[in-house]
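> A single structure is presented below for examination.
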Amino acid sequence: MSATAELPTKEAHVLKGHEGAVLAARFNGDGNYALTCGKDRTIRLWNPHRGILIKTYKSHGREVRDVHVTSDNAKFCSCGGDRQVYYWDVSTGRVIRKFRGHDGEVNAVKFNDSSAVVVSAGFDRSLRVWDCRSHSVEPVQVIDTFLDTVMSVILTKTEIIGGSVDGTVRTFDMRIGREMSDNLGQPVNCISLSNDGNCVLAGCLDSTLRLLDRTTGELLQVYKGHISKSFKTDCCLTNSDAHVVGGSEDGLVLIWDLVDAKVVSKFRAHDLVVTSVSYHPKEDCMLTSSVDGTVRVWKK
Amino acid sequence: MGSDEEDFVFHGTPIEREEEIGSRKKKAVAGASGNLRTLPAWKQEVTDEEGRRRFHGAFTGGYSAGYYNTVGSKEGWAPQSFTSSRKNRAGARKQSVSDFLDEDERAELEGQSLSASSQFDTFGFTAAEHSRKQAEKEQHERPSAIPGPVHDELVAPVSESIGVKLLLKMGWRRGHSIMDVRASSDARREARKAFLAFSADENTKESSDSLVLENEVDTSLDPQFNEDIKFSESTPVYVLNPKQDLHGLGFDPFKHAPEFREKKRSRLSASKEAGFRKPLSMKESLFGPKSGKIAPGFGIGALEELDVEDEDVYAGYDFDQTYAIEDEQPARPSNDSRLRLTSREHNVLPGFGAASNTDYSVDRFDPPKIPKDFVARHKFPGPLEAESKPTASAPPDVPPPEDNSLKLLIDGFATFVSRCGKLYEDLSREKNESNQLFDFLRGGNGHDYYVRRLWEEQQKRSDQSKLQLDVKVSASVQKMTAETRGSLLGERPLPKSLKETEASASSGGSFQFPTNLSDTFTKSASSQEAADAVKPFKDDMAKQERFEQFLKEKYKGGLRTTDSNRVNSMSESARAQERLDFEAAAEAIEKGKAYKEVRRATELPIDFLAGGLQFTSGGTEQIKDTGVVDMKTSKTYPKREEFQWRPAPLLCKRFDLPDPFMGKPATAPRARNKMDSLIFLPDTVKAASGSGASLSARQVSELQEPKKETSVEEPEVEVEVENVERPVDLYKAIFSDDSEDDDEEQPMNGKRQEGQEKKNEAAATTLNRLIAGDFLESLGKELGFEVPADVTYPEGTKPMEEDNKSKGKPDASSEKRPGLKEKPEEKTSSLTLGSGEEKSEKKREKSPGKWSGGNDLSSSDSSGDERRRRKRSKKDRHRKNDSESDSSSDYHKHRLRRKRRESSREKRSSHKKHTKHYKNSSSSRYSADEERKESKREKRRRRD
């Protein structure tokens, strides 16, 4: 009971503004702001704690699938159906650069720690690394060992980790030049790094979240109970790494205990598919976005 | 000097000609050039290379100019005579284009094209053209009375044609109709009015009031215009009455109410706004309507109203204002409704009235009702089916003729006929009229047998096609197939065909090969008893039951109907595994092996191999305990593989990391995906990477791997996984069944490749067999014997087994792996490794730890070097695992070897040695990983 009391299951705000499905909701680095993007081709900057829309960024020609902010909150990048990665300036709202090169929709983008590069994961079965520092339009590197669409990408200080529909979570370690492919046997929808960096949570399309030990590739735990079969639904760990949060296609949000994989909390967050969940880096606060066009802020 | 010269007397000095001087000078120059320089400047002469003088004095033309270096010409210089411009200054010439044209250009401009001369211009076309041009010219000079462009087309000037001349000679006068002039006065008047309708604004009123002001018209018009009117009388075709109202053609709204017409006209004139024109009478309307093309409602349908867009089209005419008012004025609803109504009935002939109530209504028919049992696909009756009906009653079963060749011929022929239809039989009967061999077609020897065979084949075919059709509806519906009938009749049929249809229907492309084809023919029922006594799967009762069922089927023949019952509990691959398992066990039993051995073979295959017994089934499938499979599948994932990956230097820089590959040559990139390498792998690369075909084929099958395995793991998600698109449907169809036990196999070594190659071969043969289909079945006894013959290896003959035995290391997989030949490519690679390692490499492919090794992706790497290196490292790892029981020296030996060989990993391996136990050290993370892996593997093995 005490565990559930800590969880952000009370709706604090509803962020309305997107016309159409919201595909991703992301906190910024310190958790004070949130960026959402959706099918209405806009990216919106919110103050989720007050429920205020701050800015709307329009330039995408198609739906925006993912967005990520730099650690200094000065820039952000976005990607989507128009096969390009947009590199934005937060304050002016202008597109600084567009990285073209993906042959298909781009599913996910991430900055690295120093915000020097953007890594994008695309439908064209590749991860592409784009340089933000130089004016080069060519990707710094194309990682195309995936056999199918790359759905999700996360970066550590030294590694690029991508999750693909081919069922693998591939870790590309730059220090030693190795690629480690963890085959889960199921299409990987979303991957999320634990806060200690030792585990990867992979949401698979068999309605299962799998927690992998990164060093050994061992399957640590399996979380079931939600529905994830055909949509890109996100999952993440709480900031304390005590729980696992996952969105379900029936509008529910489930919170599992990390260790014993019990569903600790299960509540209806949206009417429709929960596309994205994002957990506040410090507080017990959570963002969920849905196809129903709303973004909800959850607090305890 | 001659005598005549002496007669002349010379006075003075002769004038020398310049040329002579020049030539002489030249000679002089040539002779003594030195002298020339001594001459004073004004006496020096500049000459060209021929010695001619090129520069002359100013008075002689300067530089070699003029006529003989003079300024003049041959004729001399003639100054232009002076003419004063004072007189003709006023009449300054106007320049025209023709002034600047040549003769021919002028001719071209004036259009001297081919045309009939006016003499023969009967219809006046050329003359008309001429005069029109003339008129055009004039038009520019004096503004026409008729503005706008239209009149040119309407009123084409006509010169006198020969016809006119004739008419004139016959007493016709210009401006009069050819017929009685007086009689057509009405028409003339109408024509004039019509023309006026087109004329300029100033004439509008007159024309509109033409009824009253007819007399004034003539006077009000200028003479030229008047003439035109007259002219138009004789050429009425050009004077077309414009239709400017929106009434139906020939409709006169005021026909029966002339008083309204009067009223309307007066109203219009009062408002000074527009004109009203008397609608054409009956007689005129016959040609009047033809003028529809120049009405203001140009392009507007009769039912449409004038739109805003239509208004301004003909700006020069005020038709809209003048005439549109007449009928369609929303301000005047009094006659609006009526007019509107009448205008709707535009197709009412004059003299007819439109019916007030129409009984015309569009009949709408419902679409035909589709019978419920209608199939929206044409089913071709086909000669086959049609003919099979009359012979539905089975002809009596006849023993085949003694002559074996004849029997074969009949069998083959029957199959053929059943496929191609009766027509073929008739044809061949005709063709082989005299051929003794084909007597059976004409009721001779073997005819009965032929009839029987044909009937059987037809039955079989129809059943099959029906089966294929019905599969979706109800897979479980049992048809009276040849097999069922055969089993009823006590025959021992080939179990393949039904099996095949079932399998293809249920699993969509996983095929069973008829490996037990031979069994059907060779095994005697007696061996069944032996098998009955033996229970190789005693620990698993369900399995034992299935095994018994299998044996029953195997030796008794009959249908594999139980397959469908088993579908629920087992996946396709598991079933296939089990089946192979059973076969192997049955074979062992049959060969008189002890029960113990069999049991060990299936449960502890290591010992089994040591015993020298080997089970193969088609050389493609691994023999495996399905129970183990089911238990293990959940643990096969996640499966970790490692490859080399080279980050771009810039990427490392951006991540603030040192490039691990700094200063090392670039490795060839891995093939992007398996299809790429399959399709685009160039020959050279293929050669480099070993047998490219088998490699890529293997890759393709591996591509299916995850999917297959998921089906093993969780059958309920299977459908979902199927939705994930894979680019290789064809290959999936071919290979999916073969790769189902891939989870147990470690890719990335030679034997694996070898096995895959075998698989591919087998798959290809399977495919061929499928294509061959029934033909094989009918003629397939010989073939059936051959099938297992070339894939089964005799036991205990494999050198590999010997190796394994001698090594005495327990390796679960290598013995499962049937004897596979070494590929040349592998040999070369292993040569570099040293002969001793060849075996260990072989072994490790089936090491229980599934975490390491299998690099299905990297195997597509075109650089053999890279692959080899990876292999080595992997092998070392495996080696390490396999030889855990070995002495540590062995371990270090390998380490050292690896170190020696792998320059790229030199540093790290040494690291490993030293920091092996510091698991948290980031620099030695890899060694730590490996350690952990090892322990895990060890644990798992123990558990297993």
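Glycine is treated like the rest: Cβ placed from N, Cα and C.
Quick paste of what TrEMBL says about this protein:
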type	residues	note
REPEAT	A:15-56	repeat 'WD'
REPEAT	A:57-98	repeat 'WD'
REPEAT	A:99-131	repeat 'WD'
REPEAT	A:267-300	repeat 'WD'
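Show me how these features fit into the structure around them.
Among residues of the same chain six or more beyond the repeat 'WD' (A:15-56), those with a C-beta under 8 A of the stretch's C-beta atoms are 62-73, 76, 78, 80, 88, 90, 93, 232, 234, 272, 275-283, 285, 287-297.
Away from its own ends, the repeat 'WD' (A:57-98) comes close to residues 21, 23-24, 26, 28-30, 33, 35-45, 104-111, 113, 115, 118, 120, 122, 128, 130, 132, 135, 137, 232 of its chain (Cβ-Cβ under 8 Å, at least six residues beyond either end).
Here the repeat 'WD' (A:99-131) has long-range neighbours at 62, 65-72, 75, 77-81, 83-87, 137-144, 146-155, 157, 160, 162, 164, 166, 172, 232, meaning same-chain residues at least 6 beyond its ends whose C-beta is under 8 angstroms from one of its own.
Under 8 Å from some Cβ of the repeat 'WD' (A:267-300) lie the Cβ atoms of residues 5-16, 18-27, 29-31, 34, 36, 38, 46, 48-49, 51, 231-239, 245-253, all in the same chain and six or more residues away from its ends.
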> Could you give me three numbers for the repeat 'WD' (A:267-300), the DSSP helix, strand and coil residue counts?
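Per DSSP, the residues of the repeat 'WD' (A:267-300) fall into 0 helix, 20 strand, 14 coil.
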> Find the average pLDDT over the repeat 'WD' (A:267-300) in the predicted model and report it.
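Its mean pLDDT is 89.
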> What is the three-state DSSP composition of the repeat 'WD' (A:15-56), stated as helix, strand and coil residue counts?
0 helix, 24 strand, 18 coil
